[in-house]
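**Student:** To start, I am sharing the structure in question, which I have written as structure tokens.
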Amino acid sequence: MLKRNKVVLVGAGGVGSSFAYALTIDNSLVHELVIIDVAQDKAKGEVMDLNHGQMFLEKNIKIAFGNYDDCSDADIVVITAGLNQKPGETRLDLVGKNTKIFKEIVTGVVSSGFNGIFVIASNPVDIMTYVTMKYSNFPTHKVIGTGTTLDTSRLRYFLAERFNVNTQNIHSYIMGEHGDSSFATWDETKIAMKSLSEYIAEGTIREVELDEIHKKVVNAAYEVIKLKGATYYAIGLGIKKIVNAIISDQNLILPISSYINGQYGNFIKDIYIGAPAVVCKEGVKEVLDFKISDRELEKFKISANQLKSYIDKIEF
């Protein structure tokens, strides 16, 4: 008998419902989705709305409203719950509020007997991923945050627009905090087989333009929040990408919130931060210790130290 894959979503807000919709319309891998939210009517409404579209799907998926007991046999628990970033707020402003929320959620999930993989998308995601690891006492490879996957997607979109190529031909990452202290790996970036440094040498693009592109990446969330109140479609797709990579054992390299403990020159320890890692059915197979330039390593340390300064204030 084929194994039936089950995902539980905690959080039926904009991000959670966008992920649920993305998972539903591309549901070849997941057989059951349970949605949990403290706002029970909202979660029930999302379940009803999704179920009413079953006739239009290639394959039906069982979608239900539930509670933490439903996590006991889940393969993956996705957490998108928590307070959202408001106009003028940084993601780090949410640390204290969302840590309290996460303690209750993670305790509830683990008490069910859940032994699968956590995927965290709530902000500040790097810190909330660390918080989940601490409160769950799970091994680090079974706790994953969305990290800089969305930032990287934004970067590749902007570069693809600039060079008039498909995003699949852009090989570049945003690393560090999912937030203002992130950095682009310009020194390692390639457009197809050609390095970005070659394009700069040819005069095709200038470094000042690259600075502007990175600023667009960093400010993208603020722009979307200003225009429509919140970001959720793109990150919903990003969560689905991570979930699919786990369910189908893809060994896919993604810049998730990875647990760093001595990689990248042994300067960064005991922290979750955006860095490329291999995602598989066990969660994280390996955090890739890429050789990055000295100037990028310095940015990585600055970003890590900023996150660490917030983590050190949390009492576990």
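Positions of Cβ are set from backbone N, Cα and C atoms, glycine also.
For V15, D37, K42, Y68, G82, L83, A121, S122, N123, T146, the entry in Swiss-Prot reads NAD(+) binding site. Marked as substrate binding site by Swiss-Prot on the basis of sequence analysis: Q85, R91, N123, P124, V125, D126, D151, T152, S153, R154, T231. For R156, H171, the entry in Swiss-Prot reads beta-D-fructose 1,6-bisphosphate binding site, with the evidence type sequence analysis. According to Swiss-Prot, the feature active site, proton acceptor maps to H178. Residues annotated as phosphotyrosine in Swiss-Prot: Y222.
Describe the structural context of each listed feature in the structure shown, including burial, neighbouring residues and relevant distances.
**Tutor:** When other Cβ atoms within 10 Å of the Cβ of A121 (NAD(+) binding site) are tallied across all protein chains shown, the result is 31.
Secondary structure at D151 (substrate binding site), as computed by DSSP, is helix. Listed in sequence order, I174, H178, S182, V217, V218, P255, G274 are the same-chain residues six or more apart from D151 (substrate binding site) with CB atoms under 8 A from its CB.
According to DSSP, H171 (beta-D-fructose 1,6-bisphosphate binding site) sits within a strand segment.
Under 8 Å, Cβ to Cβ, and six or more positions away along its own chain, Y222 (phosphotyrosine) finds P87.
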**Student:** What's the CA to CA span in angstrom from S153 (substrate binding site) over to H171 (beta-D-fructose 1,6-bisphosphate binding site)?
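**Tutor:** Cα of S153 (substrate binding site) to Cα of H171 (beta-D-fructose 1,6-bisphosphate binding site) measures 11 Å after rounding.
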**Student:** Name the residues of the same chain, 6+ apart in sequence, whose Cβ is under 8 Å from the Cβ of V125 (substrate binding site)?
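**Tutor:** Counting only residues 6 or more apart in sequence, the Cβ neighbours of V125 (substrate binding site) under 8 Å are R91, G145, T146, G147, H178, S257.
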**Student:** If you measure from the Cα of N123 (NAD(+) binding site), which of the binding-site residues Q85, R156, H171, T231 is the nearest?
**Tutor:** Q85
**Student:** Take the C-alpha atoms of K42 (NAD(+) binding site) and T231 (substrate binding site) and report the distance between them in angstrom, rounded.
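**Tutor:** Cα-Cα, rounded: 18 Å.
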**Student:** Show which residues of the chain containing H171 (beta-D-fructose 1,6-bisphosphate binding site), separated from it by at least 6 in sequence, have their CB under 8 Å from its CB.
**Tutor:** T189, K190, I191, A192
**Student:** Measure from the Cα of T231 (substrate binding site) to the Cα of every one of the binding-site residues V15, G82, A121, R156, then give the nearest.
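**Tutor:** Among V15, G82, A121, R156, V15.
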**Student:** Between the two most separated Cα atoms in Q85, R91, N123, P124, V125, D126, D151, T152, S153, R154, T231, the residues recorded as binding substrate, what distance in Å do you get?
**Tutor:** 20
